[in-house]
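Visitor: Got a structure for you, questions after.
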Amino acid sequence: MSFAEKITGLLARPNQQDPIGPEQPWYLKYGSRWLGIVAAFFAILFGLWNVFSIITLSVSCLVAGIIQMVAGFVVMLLEAPCCFVCFEQVNVIADKVDSKPLYFRAGLYIAMAIPPIILCFGLASLFGSGLIFGTGVVYGMMALGKKASAEDMRAAAQQTFGGNTPAQTNDRAGIVNNAQPFSFTGAVGTDSNV
């Protein structure tokens, strides 16, 4: 058994479909899940640190810490539902989110990560919520998909526009056919030089 198969076996849930699809490499699929688990752990830890800032009478940091801890629990619930065995509906919620497109998860993670940073800008909120934000960015990049092959990009670049005329590739090609190039030789006659 290879190292990749061991990692995929550890991170796969029972009866789990492949929601991301075969086009994503294994290290991106499971790396994003690992990043989400680590981000959730640190968000909960640093959210607790922000909650202790009530000692300095900073209510906004208290609220930011609570939001950050809730965001950490939500990310942990979605990325590793095995951590919440005592709740019966966790797998249902995780499967429902897994069935949605990846940009939904990316938007959810990014939206949950921004408020604690705005409310209490500091290293604890920046690092804890920043990891959740990074997980959302990784899922967003996965939602965009892979770049096309070189042959596909060349074929798309050589397609004709308007039927018979090939695409123009010189420097003077513009949107308007009769457009004149800019002249940088002198000032315009109506310029007041002010």
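Yeah, the Cβs are placed from backbone N, Cα and C, and that goes for glycine too.
Residues or ranges marked as site 'Calcium ion selectivity' in Swiss-Prot (evidence: similarity to another entry): GLU79. Swiss-Prot lists 35-55, 66-88, 107-127 with the feature transmembrane segment.
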Visitor: Can you work out which residues elsewhere in the same chain, 6+ from the ends of the transmembrane segment (66-88), have a Cβ less than 8 Å from its Cβ atoms?
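Guide: Distal contacts: 13, 33, 36-37, 39-44, 46-48, 50-51, 94, 97, 105, 108-109, 112-113, 115-116, 119, 125, 128-129, 132, 135.
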Visitor: Taking the Cβ of GLU79 (site 'Calcium ion selectivity') as reference, which residues of that chain separated by at least 6 in sequence fall under 8 Å from it?
Guide: ARG33, GLY36, ILE37, ALA40
